[in-house]
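Going by Swiss-Prot, these are the annotated features:
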BINDING   HIS20, HIS24  Zn(2+) binding site
ACT_SITE  GLU21  active site
TRANSMEM  103-125  transmembrane segment
TRANSMEM  558-580  transmembrane segment
TRANSMEM  593-610  transmembrane segment
Amino acid sequence: MTIIYFVLAALALGFLILIHELGHLLAAKAVGMSVESFSIGFGPALVRKKMGSVEYRIGAIPFGGYVRIKGMDRNDKDNSGDKEKTVYDIPEGFFSKSPWKRIFVLAAGPLANLLVAIFVFGILYFSGGRTKSFSEYTSIVGWVHPSLEQQGLHAGDQIFFCNGQPYSGHKMAFSSSLLERKLSLQGQHPAYFSESEAFSLEAPFNPNMEGVPCLGASYLLYRGSDPLPEKSPLVDAGLSEGDRLVWMDGLLVFSGAQVSQMLNEKQSFLRVERQGKVVFVRQARVLAGDLTLTPYFKNELIDCQYEAGLKGKWASLYTLPYIINGDGFVESKVKLLNDERVSLDYNLELGDKIVAVDGIPVMSNADILRLVQDHRVSLIFQRMSPEQLTVLEQKAADQAFINSYDMDDLLRVAESVGEEREVSRLGDYRLVTRVQPRPWAHIYSEALLDKQRALASKFRDEQERRYYLERIEAEKQRISLGIPLKDLAVQYNPDPWVLMEESVSDSLKTVKALGMGRVSPQWLSGPVGIVRILHTGWSVGIPEALAWIGLISVNLAVLNLLPIPVLDGGYILLCLWEILSRRRLNMRLVEKALVPFMILLVLFFVFLTLQDLSRVFVG
């Protein structure tokens, strides 16, 4: 099937080029220009056939195509052989027609691509659209960059507007911040546990320096078709296909990235009695050797270590950054030795009594010290009904997500964590406590990383190779639950004009980012890369392939309309100058100006092709 998809991808790209050049051809004939040749591809002709006055060709270099119209070359002459005549005097020639007619011919190619795009998007719309992951287009946030979290954006929030435009998903947040180096967001904190509340924030953000600003929310459904690894911490949890992870250590969870971040933050989940009420707190664990302990409290810690039955040096023990008495009451904070360089959130208050650590009841500070050496998580899973797992229209999916919780039952289960008699099951919710997460390498086979190592070792640049190999080794040590999760599918089917607007907008944003130096040309794809993208689209399904065909057709139109010499937009600019100046072009100067741009264009396509081939063979 791979070969079939490759052939379909190549045919799709060839079709888009054909349509573009056909637009030029038909427009030229419509205004009375004489067309000499029509070619798909450049270079030596692999196939050629003359029909009437036009020679039709397929070139050996598949970088595009061209329509050669009589009189476009300065060296063209009319049949009289009069050397004093210019290209403007050649009958049925390109320059013999008015500038407006020439603009019509030049714009006809991109216009043909836009018409194809709207036609393809129309087929996609009336066939029901595409099945996509909920996270891809949701307005609900699944994970937030720490710098934005400090500004008030949290996982579970719903964004309505991003930099003044209706929000269409996490990709929009990335592209907007890439162009404007800031994010201005308006939205709401949905009514999960309390009343919904509007929010607005504006913060500087540079993706080139900070990475991704946020990710979309996901349903975090257990993929029962993939058996749990034998060493998974949840292997005996009794999970079923479609069970949804909704809560972990006091927080609703909205994405795999959020879950991973929480697992690797080295925090303990505490049940605390505060002023007659029970509250839940996540507090960072720190090494005792990193704290400013007085000799008295150091001896107290050593005594506590002995009582807890912990071996090793006291400085290597994890502890909470507080002085905690024998009954579990917080007496004072303890600062870090290097608190000027490292910030630490203190979430406990003086007088708090710790009654449970990671869901396990405690009676003394020795119990607390013993339990904070490791981290066990408390999880709540939701049994999803068949109706809740039904594929929804994307427009209705966000509200369905917000309404998918039964907060009364969920709160009752969550609030029982750390009690002597926990509510292990209520309604659709089930509590799984004292789960011991493990490093990735402990759960999974090393063989799964061998392919990534092999790809990384192929990088020629030593620093780049070392960087990726180090990342792979670091990933091995990341703490994991060892559970395969999937997202809920939604039906994404905006009307054709919305897809057109988004495609044109994305293309123009890319051009703008390139011009401002905020996007590297290495992000772009040439003909080989486009074929690979289309190949992937066909392998996913016909709707996905149609979406990519429409998007690439729009990109071809936008690219060719750029005001760059040798492109359609460059020639249109010359025609407009001719109209405004009311003077004919000096073809000698025009050709001299075109040569360097032609060389740069060829070099650019060669660069893109080599880059595409590098992705194919190196990865």
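Placed from the backbone N, Cα and C atoms, the Cβ positions cover glycine too.
Projection of Swiss-Prot feature records onto the structure.
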{"residue": "HIS20", "record": "Zn(2+) binding site", "CB count, 10 Å": "27"}
{"residue": "GLU21", "record": "active site", "CB count, 10 Å": "20"}
{"residue": "HIS24", "record": "Zn(2+) binding site", "CB count, 10 Å": "26"}
Intrachain neighbours beyond the transmembrane segment (103-125), with Cβ under 8 angstroms and 6 or more residues off its ends: 16, 19-24, 26-28, 31, 33, 69, 94, 97, 493-497, 499-500, 503, 543, 546-547, 549-551, 553-554, 556-558, 560-561, 568, 571-572, 575-576
Secondary structure at GLU21 (active site), reduced by DSSP to three states: helix
